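Down below is the structure, laid out as structure tokens.
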């Protein structure tokens, strides 16, 4: 979908005479093609994790509303871990802001390099938080203990490449953008049906209302994208939790949800046949080991 969308955008710009924009979107389209070629073999496993995550959400539709259970946990037993993880990100953000401010008075190459490095560190910290908070939510660990355990688990499994795979995130972002575009389109249709619904419009319909139409579309796009992102973040969290739980307790998944286990295990084996497969007995809590200690975690 993203490949097709970028080619369509390029064609529209060329058709309208905006050669520069057409060339830029054409480059985006070519990059999208290269990206699709590189990740094509990983799509089945990403699809399996997304399917499993969606299955969990469908059986717990209350997650899509205000989850008062989750709110109580986040403001009591897990509050310290959440605040500490957020504090780390805040410190990195503050340091980066200070560097960016320094660039106004000194645009030397050293400042630019420092800004770039801080941006990388910021991304790493945020990504680390993403997986650590899953362990905080699952077991109530402290932030540092959760981060250490989940990274030890992935390393023991040989799964360090999995946590850099953003295929599902890309899908959900594209879906949120599509919902936003549909929302903007609905706004434009509503304007055509009755311009008087929009405050400040004269309602005569005789003038050139192209500008108003585009404003309505952009506002609808932003609103739709924002609300869709909030809802789809629940799905992203479910997918991330699926990956962690599949790495830690595969036999529990096999015992309780055989269909999802078979999807995940078969796609994983076809993608990484030399790494761990789901039939070796799983891991103990916190990624501290390999085989045969599944009785402790039965039914999680």
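Including glycine, each Cβ sits where the backbone N, Cα and C put it.
Sequence annotations record features per position, and here TrEMBL assigns transmembrane segment to 12-40 (among others).
What TrEMBL records for 78-96 (among others) is transmembrane segment. Within the same chain, residues 115, 118-119, 121-122, 125-126, 129, 132-133, 136-137, 140-144, 146 sit at least 6 positions outside the transmembrane segment (78-96) and bring their C-beta atoms closer than 8 Å to a C-beta of that stretch.
Among the features that TrEMBL reports, transmembrane segment is placed at 108-125 (among others).
Feature annotation from TrEMBL assigns transmembrane segment to 131-155 (among others).
Long-range contacts of the transmembrane segment (167-191) within its own chain (CB-CB distance under 8 A, at least 6 residues past either end) are made by residues 1-2, 39, 42-43, 46, 49-50, 53, 197-198, 209, 212-213, 216-229, 232, 235-236, 239. The transmembrane segment annotation in TrEMBL covers 167-191 (among others).
Per TrEMBL, the feature transmembrane segment maps to 211-232 (among others). If you look at the transmembrane segment (211-232), the same-chain residues 6 or more away from its ends with a CB under 8 A from one of its CBs are 64, 172-173, 175-177, 179-188, 190-191, 198, 201.
Positions annotated as compositional bias 'Gly residues' by TrEMBL: 279-290.
Under the heading region 'Disordered', TrEMBL lists 279-300.
Residues of the same chain lying 6 or more positions beyond the ends of the transmembrane segment (12-40) and with a Cβ under 8 Å from any Cβ of it are 2-3, 6, 165, 167.
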